[in-house]
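One structure is given below, encoded as structure tokens.
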2 protein chains.
Amino acid sequence: MAVNLPLPIAANLKPVAGIELGFAEAGIRKANRKDLLVMKLAPTATVSGVFTKNRFCAAPVQVCKAHLEGVRLSGTPIQALVVNTGNANAGTGEAGLANANATCEALAALLGCAPSQILPFSTGVILEPLPVDRLKAGLPNAIANLNADNWYNAAEAIMTTDTQPKAASRTVTIAGKSVTLTGISKGAGMIKPNMATMLGYLAMDAKVVQPVLDHMVKAAADKSFNCITIDGDTSTNDSFMVIATGAGQLEVNDTTSPEYAELAAAVTSISQELAQMIVRDGEGATKFMTITVEEGRSVEECRQIAYSIGHSPLVKTAFYASDPNLGRILAAIGYAGIDDLDVSKLNLYLDDVWVAKNGGRNPEYKEEDGQRVMKQSEITIRVKLARGDAAATIWTCDFSHDYVSINADYRS
Amino acid sequence: MAVNLPLPIAANLKPVAGIELGFAEAGIRKANRKDLLVMKLAPTATVSGVFTKNRFCAAPVQVCKAHLEGVRLSGTPIQALVVNTGNANAGTGEAGLANANATCEALAALLGCAPSQILPFSTGVILEPLPVDRLKAGLPNAIANLNADNWYNAAEAIMTTDTQPKAASRTVTIAGKSVTLTGISKGAGMIKPNMATMLGYLAMDAKVVQPVLDHMVKAAADKSFNCITIDGDTSTNDSFMVIATGAGQLEVNDTTSPEYAELAAAVTSISQELAQMIVRDGEGATKFMTITVEEGRSVEECRQIAYSIGHSPLVKTAFYASDPNLGRILAAIGYAGIDDLDVSKLNLYLDDVWVAKNGGRNPEYKEEDGQRVMKQSEITIRVKLARGDAAATIWTCDFSHDYVSINADYRS
């Protein structure tokens, strides 16, 4: 029951020169489903990413960070990424680290590179040992079908409780040169600021030097994957990776060029699309909500209030019920932790409907107007703080019976 | 479907000398239900309380704070408390303040005291005008049945989505003198640290001077009403009030006396009982969970981790399903915001079952042992951080289909 989320059409997902994708059914947790993905990169590729800030970050996340640090020190490029679903390899201690390293070693042996040139990713159940033998046994099958046209299969291979694959693709022209960008993502619970059990992979055929790519990825994440929330849980495995294969025409070598600005805008835009897809397919979601907080003193306080609204189970259940019980939004603003907030100046809008004026109910507000907006599948909540000119936007979904069902039954 | 919450027996709720309670069906929101409560105090009484920290604190909360400040400045005692359900009088701006003041004026006129000697409380829907005329019309009826024996009726009169009235009573002997304590509370959503749409009233017949009572109330709240969470929402109206009527034998004049320590312990203990009742009757609750975090560097960090676990919808739905998907607890610990937490030393227990050892799955842990504990209606989650000797405990409940149903339908 995803909210206005079109199924990707395989033919519309453009191959990106310099990256091939292969998948397998390795039986990590369940039989007969794609659960293993290998992405093989051209030697010209640079890779950068952002990871969960969870202290219980998973073994593969720790290995990824170490290998990316190795790239920065040695310049030896990443050759492949490998993703398994069905098991998060998190909360698994030393054995988990050994399994993540064993995965890299196995794939490196097959590809003829060093284990440090592999980035491993896992998503699924926490606190259970990774069945690394089944994973390793699946690698040759994944390599056997490596193909630049496999983006749709790749999107399917990284799904967990997602109801459908998520992918986006576009071609832009920058300084007269064509750049193709294609990405995939998966959710769908444990989604919140600072990443989630959220995996996102975006490849483009531009050539981007490492420090410039690092800068671009962080900026894009802050305006996309770090602006979504489903249930306020931050997972142990969240990762968003951008790959610049260097196989295309455009080169970007510094952050001050016009080419940088245009490419960064394209990366941010497609990242937002991939991130919003995760919200649209949030566990049990029936509504897609945009929460914008304006006229704040800082972006930080605007985000804090937006997340306070977006995390409130009472707000989310009211939206599920299409019940304009909008005082719950005021309550969530009030406990967002902005100690000097003067609520008597605050205004609240639901789409075009002015609900609260100067901290109280707008005398012109009519319940039927609120009701009309609440029944829509896409709703914007806008809060004006009247204390500055900073603003922030996040995206979230409502909280339904199905969220409880899905999470109460996840492992069964 | 409250969790192990016995219905109070009216005969067991001891009257407290110096306080009378009267109730009415004022039709604030719905007809034919008790929705108005007046508590009339002896002139010897002192009153102290703690209130919500929500910036959108309701009009009656603002009036209460002003009137209590007036008591401290003038010494003129509080004469009565008045509580309505069905409407929170929050997010109502200047008109809401006028209505809260009008409530005080009406009751003061009937009792022959100053409006500043009245404390008003409201709970119910936010952002709707208080029907103050119906409230005022109900006051004479409430006064007509003022009686020291009305505690059970009072507990009923303050209910909103509570499934049953909550009350506790006991008599203690301190320094050879008898003290009777009787209290009532209501929840049941929007419950979280720093108070909730939670109202608690505790009366005792001891005589306690104002600054000593202030101290006692704050200490009791920090170990009771500020240690519970249901959905992480902090309401606009939460209040916990302690009334020392002064009509009994015991006098407490300073915080260093042995009498203070004994009385404070009794007040904290009955406050914990009243607060835990709110969790046991949490919206849709099927399990009562005690979360204890030990071996921390500070009480604050232990509370932070305990709340991170207690607020996680993923943890709460797993408990609802009796599914020992305990990695979700590790994830919640990891994103609690303790940046220097060394998870490789962390241990996790579910009652007597040692689940995670040194940050990974305990090799001795068997899923059936976790399963056995998860099926209980009362469960203790214990986390050992191995970095200090501070500890904290909170109480919470699970997250069920009924939570969504109740909150999606609250106003209908």
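Cβ atoms are placed via backbone N, Cα and C, with glycine included.
Just so you know, TrEMBL annotations never went through curation; they're auto-generated.
What TrEMBL records for A:T160, A:K186, A:T197, A:E283, A:N407, A:S412 is substrate binding site. Summarising the annotation, TrEMBL assigns active site, nucleophile to A:T197.
Those binding-site residues from the list A:T160, A:K186, A:E283, A:N407 that have a Cβ under 8 Å from chain B Cβ atoms: A:N407.
Annotation note: A:K186 (substrate binding site) sits in a strand segment as assigned by DSSP. The binding-site residues in question are A:T160, A:N407, and the one with the fewest Cβ neighbours inside 10 Å is A:T160. Counting every protein chain shown, the number of other Cβ atoms lying within 10 Å of the Cβ of A:E283 (substrate binding site) is 28.
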